[in-house]
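Read the structure below first, then the notes.
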Amino acid sequence: MTEQELLSAQTADNAGTDSTERVDAGGMQVAKVLYDFVTEAVLPRVGVDAEKFWSGFAAIARDLTPRNRELLARRDELQMLIDDYHRNNSGTIDQEAYEDFLKEIGYLVEEPEAAEIRTQNVDTEISSTAGPQLVVPILNARFALNAANARWGSLYDALYGTNAIPETDGAEKGKEYNPVRGQKVIEWGREFLDSVVPLDGASHADVEKYNITDGKLAAHIGDSVYRLKNRESYRGFTGNFLDPEAILLETNGLHIELQIDPVHPIGKADKTGLKDIVLESAITTIMDFEDSVAAVDAEDKTLGYSNWFGLNTGELKEEMSKNGRIFTRELNKDRVYIGRNGTELVLHGRSLLFVRNVGHLMQNPSILIDGEEIFEGIMDAVLTTVCAIPGIAPQNKMRNSRKGSIYIVKPKQHGPEEVAFTNELFGRVEDLLDLPRHTLKVGVMDEERRTSVNLDASIMEVADRLAFINTGFLDRTGDEIHTSMEAGAMVRKADMQTAPWKQAYENNNVDAGIQRGLPGKAQIGKGMWAMTELMAEMLEKKIGQPREGANTAWVPSPTGATLHATHYHLVDVFKVQDELRAAGRRDSLRNILTIPTAPNTNWSEEEKKEEMDNNCQSILGYVVRWVEHGVGCSKVPDIHDIDLMEDRATLRISSQMLANWIRHDVVSKEQVLESLERMAVVVDKQNAGDEAYRDMAPNYDASLAFQAAKDLIFEGTKSPSGYTEPILHARRREFKAKN
């Protein structure tokens, strides 16, 4: 059975047990909950006729489904050819012969002629501002609102509440405010100001008063007045210019707001009255329908579409409670200042939003066409677009894009022919909704091996709508393992970080982006910092991403965005990109194609046990939340109780790693099962405080989560590209049906 046949069988099983109430729309059978939302809430708001919409939607689905199937069959065909090659050429790989083979089968394609992308009408957050990017599950309205509002964040809070400030020398966090810790935060903030907006001849640490004189920032120390070294760094203020409430500064296109309030507890203890330093933080945010959510049916998908629609209308709200107080969270308004020339200056109060659709693989029961589930990527393209139309309306004061663009991230594409299919799909959606051509911008995730080695060709397939490329090391590692499953046993998971292909892959993404003209038109992005609690370490290490030429990189939280934003004040990314362009492109292809097989497999029994336990614990800790709680992205304690941000990409690596080691007899199926059972006890203990949690041990056969974990590992060589979605979706739907 091929990988695609395995997936089709699971899809058919799901469709066969369908009991969803449906409405006929354009010849499609649409789940009533989804139909009602789109027809009653969305279409009247965006001025689209319902009959025209549903019939046009059905035409797109019918026309493009065969091509979607062909592309998936092509994945299967290439994988079988590669598997056969490795079986017939075991041992040391002849790199030149291997590359010739990949060209012969069409895995490697000709590089396109020298040309640059032509994208127009992109917002400044993408074209000319370098800064952090959040990724947030769209099914959680609170998370979505917090992320959209994370455009601005308190540096003091981010420092005080994390390990960015050590809890030594009396600086413990504690339950009450600790002035010793607070002072260390203030000192850190002053050093930061000295680094990025220095005064000419003085330190911010010595300033006694800030105000505005002669249209410039004045920093008073005794009887002396000091100005900024770079006078252009001052942008504006609020309040009275002699006693301002806020002062706006800027470096590298990012803003810093000094908030002054001598009555505030923090401001009262500061000689300048400075109560906080607020940083422009999450410049862009991806609202995610993919790896960070568990959306398996019409109810789940409709919730996501509804939240996305509310973000675009500006009307999404969520009632919350904190410390016994109930309040309503809603989207922040824009920020208004008096500019340095005395006129009003308005800055965006919210993060610019992308939406991540699913890839080309999965089908979803929300809509049936001729009795078969619709390809979810086609459904997402149509429905996330129609829900985004209010976000480009000029009359909407809370609109998302000032340039009239809708930004869609398309993940898990294998090579330029699949990117071309996305371009065709987006064009059809624009025609359906009477949107100007190339209104839909695309973010191409460089997270599958066939895209990495054909990145230039993939970019040029969407040359008129490309808004970003981004490395996704986690998924990319999963595909690295699965593609070369038959080549031999892979190095340990931690050693993938230093394997030759990895750095070459990261370099190639930046180099291709620069050579194809992305700077000034599109983002070149890098991946996630997953260790949510280790912010000191993030401050130390993640600055490497802007230094490598990435003008955005992923962060796991608004707090992480604020701290990572400091890096973009310290590094002028666009200058780095100019230097990289001048240096010329690095020759990366040979290294990208260097398969990370282990030179030998003589690990000790303890090392093998450690690798099994780490992966089994990671898999179980994530899968149990996914299958039984519907949580697609969560902080999961690892085997050492360090919280890691886990999503399906991390699951893909761990399951493929173990599948590979079983395949090559590094470990046995029985050893892995024994590790799974021991780690289930560990995960049960880690979740002991959750009343809704169901133990996996000792009744493993009754736990759908445990069974899903087993499937992911033991069926890992058969799962399409090593993807986890088919198994997760099937088990989640089974759990929902039984509960």
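From the backbone N, Cα and C atoms, a Cβ is placed for every residue, glycine too.
The region 'Disordered' annotation in Swiss-Prot covers 1-23.
Here Swiss-Prot flags 1-18 as compositional bias 'Polar residues'.
The annotation acetyl-CoA binding site is assigned in Swiss-Prot to V135, R142, F143, S292, R329, P556 on the grounds of sequence analysis. DSSP assigns S292 (acetyl-CoA binding site) to coil in the three-state reduction, placing it in neither a helix nor a strand. Summarising the environment of S292 (acetyl-CoA binding site), the number of other Cβ atoms within 10 Å of its Cβ, over all protein chains shown, is 25.
Counting only same-chain residues six or more apart in sequence, the Cβ atoms lying under 8 angstroms from the Cβ of G472 (glyoxylate binding site) belong to P411, M445, D446, E447, G527, A649. Per Swiss-Prot, glyoxylate binding site is recorded for R356, E447, G472, F473, L474, D475.
Under the three-state DSSP scheme, R356 (glyoxylate binding site) falls in the strand class. The active site, proton acceptor annotation in Swiss-Prot covers R356.
According to Swiss-Prot, the cysteine sulfenic acid (-SOH) annotation covers C633. For the recorded site, C633 (cysteine sulfenic acid (-SOH)), the DSSP three-state label reads coil. Counting every protein chain shown, the number of other Cβ atoms lying within 10 Å of the Cβ of C633 (cysteine sulfenic acid (-SOH)) is 24.
According to Swiss-Prot, the active site, proton donor annotation covers D647, on the basis of sequence analysis. Neighbour list (D647 (active site, proton donor), Cβ cut-off 8 Å, at least 6 residues apart, same chain): D291, S292, Y622, G632, C633. In the three-state DSSP classification, D647 (active site, proton donor) falls within coil.
Across the fold, the C-alpha of V135 (acetyl-CoA binding site) and the C-alpha of F473 (glyoxylate binding site) stand 15 Å from each other. Candidate binding-site residues: R329, R356. Fewest other C-beta atoms within 10 angstroms, R329. Residues V135, R142, F143, S292, R329, P556, recorded as binding acetyl-CoA, reach a greatest CA to CA spacing of 22 Å. In the three-state DSSP reading, E447 (glyoxylate binding site) counts as coil. The secondary structure of R329 (acetyl-CoA binding site), as reduced to three states from DSSP, is extended strand.
The number of other Cβ atoms within 10 Å of the Cβ belonging to D475 (glyoxylate binding site), over all protein chains shown, comes to 27.
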